[in-house]
Amino acid sequence: MTTNATAPAPVRGPDRDDGSRSAIRRPRATPARRTSVFLSTHPRMRLALLLSAPLFWLGLVYVVALAALLVTAFWSVDSFTGQIRTEWTIDNIVTVLTGSLYQTVTLRTIGVALLVTIIDVALALPIAFYMAKVASPRARRLLVIAVLMPLWASYLVKAYAWRSVLSQDGILEWLVSPFGLSTPGYGLPATIITLSYLWLPYVILPIYAGLERVPDSLLEASADLGGKTWPTVRHVVLPLAAPAIIAGTIFSFSLSLGDYITVNIVGGANQMLGNLVYTNVGAANNLPLAAAIALIPIAIIFGYLALVRRTGALDNL
Amino acid sequence: MTDQQPAIRLTGLTKEFGAVTAVDHVDLEIGAGEFFSMLGPSGSGKTTVLRLIAGFEQPTDGTIELFGDDVTRRAPFDRDVNTVFQDYALFPHMNVLDNVAYGLRVRGIGKAERNERARRALASVRLEQMADRKPAQLSGGQRQRVALARATVVQPKVLLLDEPLGALDLKLREQMQVELKQIQRDLGITFIFVTHDQEEALTLSDRVAVFNNGRIEQLGTPAELYERPASRFVADFVGTSNLFDDRVSQALLGRGGVHSVRPEKMTVGAGETGAGIRNAPGTVAETIYLGSGIRLVVDLDAGVRVSVLEQNDRNRTHDEDRGDRVVVSWHDDDVIALGGADAAAPAPAA
């Protein structure tokens, strides 16, 4: 190997070859290297390559599907042939807004979703606070696993497990009958209990993450300045955890709003909005009406999101 | 100390975290109105003592008295002490005024009165025009002063400061030191100041306790600590010391034991004569220009490296270079005896 002209002259003669070999030289311009150079000097191109595939998918699956839903709601079904008529009409919207069945089911669904959300927040707050501020690091890790564990099991398995727990000869009846109580059986209370159970991890985790970000010194500062437990919770913990709590409620509220399987399994004869959609898509074969019904929870969620947006909760999702 | 009750009296105070003894039987009395510093390296137990006094930790053993009142088992909100936290711990969701008024609010004081008092406290730290800002909109020095106003507005008997200047840059730090001293004089209350910065402790304090391994290594005025360190650890931690171990002491001083000489007590030259003057030849290893002075690192022939601080005044006529042969001189009166060979003490830092 000859001495590289651009390399600094090695000091010692015998090491000459070694010296030039170990010196850092410009790498050869391979195609991969040329691409890297091009990308690192063209940030917009980099961004385009990074995001075009997911954005295409997102556009197709989310936006187009939602738009199709919206459009379908303004069509109708020929009652004689059962074919969809693609003429514009607001009949479905009027039906959904004025029909007493739809009003009742909408209110029932909102009620269930609100109760589930309230129960979940009430359960999640102390658990999340314990995890974030009291438990030892080891206990904290175990609790995070314990909270996540139910998510490893299938939704259906959990719903049917509650069906068995709540049944007339189930474990709940056996537990509470000595106290003169009995299982609520299948119905709305059972639906609320089961949904609360299903969505609890989704409420605990954001609240836990939010509380973990609150420095311990803030709680100490409150106590130091004379704040007892309740004033500290009211003036320091809750305001700082509020965005995280709201983030949690978005999960429990929206998931409850769209659910129709749990109410089928443990809800007895009760229907929620999802059931009406399901019935109209299937048995009634009225896709436009189903689409119009499906717009109700979407509108409610949009309203809820608009309400909480100003709290900064969406930054915590 | 006067015959009044001390502001703080710690008796046999001990705190164990599992197998670790963070605070080991500390006895301490801090007088009313005193500016008292707890100085030590990290992990020496000084912050734990502060947290025990504040009530954030419960002692394993021992008692804490506040003006003769045993507060050992009381919650933080039942103690007349307040803390300025290292990270300031300002409530991020409240504006500056609400932060300062918080202590009054949880005591049930009406909005008009607490805002009035909070405004006065903010004025005392010259931040009244920042009342509506959020803490995130303030600079480090401003946050520091808000934390000070928040802790003093509730008129504590003792103010605890946990490395309050640690996060500030040097200029601001020196400015805040002056301000802290001023505020302490104005309020006339006891300040207990935790720091690992020996210069800060010496500058600010009436008295300093040097902590090491959960114990008080030495307690005294800044001058006492600096001029008469009681142990090798203190000599090394407070200021810079040239430590002579047993063997070097034998060679240079003609007697055994550990000794120390401060760099500014030494001179470099051709050697001096006079009663009590000691001369030791050596080679200059490094010269460091400090502006107001010059630090010379000299390898003495006796086998020890010493640091000499020369004033950059008009008497200074010669410049030493690396490798020059010189004679280092000092007076016997400036030699601090640190007892026998202290094997337990850590090696001196360079």
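From the backbone N, Cα and C atoms, a Cβ is placed for every residue, glycine too.
According to TrEMBL, the domain 'ABC transmembrane type-1' annotation covers A:106-306.
The annotation region 'Disordered' is assigned in TrEMBL to A:1-29.
Taken from TrEMBL, the feature transmembrane segment covers A:47-75 (among others).
Through the fold, the transmembrane segment (A:110-130) approaches residues 143, 147, 188, 191-192, 195-196, 199-200, 203-204, 207-208, 210-211, 237, 241, 245, 248-249, 252-254, 256-257, 263, 272, 300 of its own chain, all at least 6 residues removed from its boundaries and within a Cβ separation under 8 Å. What TrEMBL lists as transmembrane segment is A:110-130 (among others).
Long-range contacts of the transmembrane segment (A:142-162) within the same chain, counting only residues at least 6 positions beyond its ends with a Cβ under 8 Å from a Cβ of the stretch, are 127, 130-131, 135, 190, 193-194, 197-198, 200-201, 204-205, 208, 261-262, 265-266. The transmembrane segment annotation in TrEMBL covers A:142-162 (among others).
Proximity of distant same-chain residues to the transmembrane segment (A:186-211), defined by a Cβ-Cβ separation under 8 Å and at least 6 residues beyond the stretch ends, is recorded for 108, 112, 115-117, 119-121, 123-125, 127-129, 131-133, 144, 147-148, 150-151, 155, 158-159, 162-163, 166-167, 237, 240-241, 243-245, 247-249, 251-252, 255-256, 259, 262-263, 265-268, 270, 272, 316-317. What TrEMBL lists as transmembrane segment is A:186-211 (among others).
Sequence-distant contacts of the transmembrane segment (A:232-253) (same chain, at least 6 residues past either end, Cβ-Cβ under 8 Å): 113-114, 116-117, 120-121, 124-125, 129, 195-196, 199-200, 202-207, 209-211, 214, 218-219, 222-223, 301, 304-305, 308, 311-317. As annotated by TrEMBL, transmembrane segment applies to A:232-253 (among others).
Residues 66, 69-70, 72-77, 84, 92-93, 95-96, 102, 106, 109-110, 250, 253-254, 257-258, 273-274, 276-278, 280-281, 314 of the same chain lie 6+ residues outside the transmembrane segment (A:287-307) yet bring a C-beta within less than 8 angstroms of a C-beta in it. Positions annotated as transmembrane segment by TrEMBL: A:287-307 (among others).
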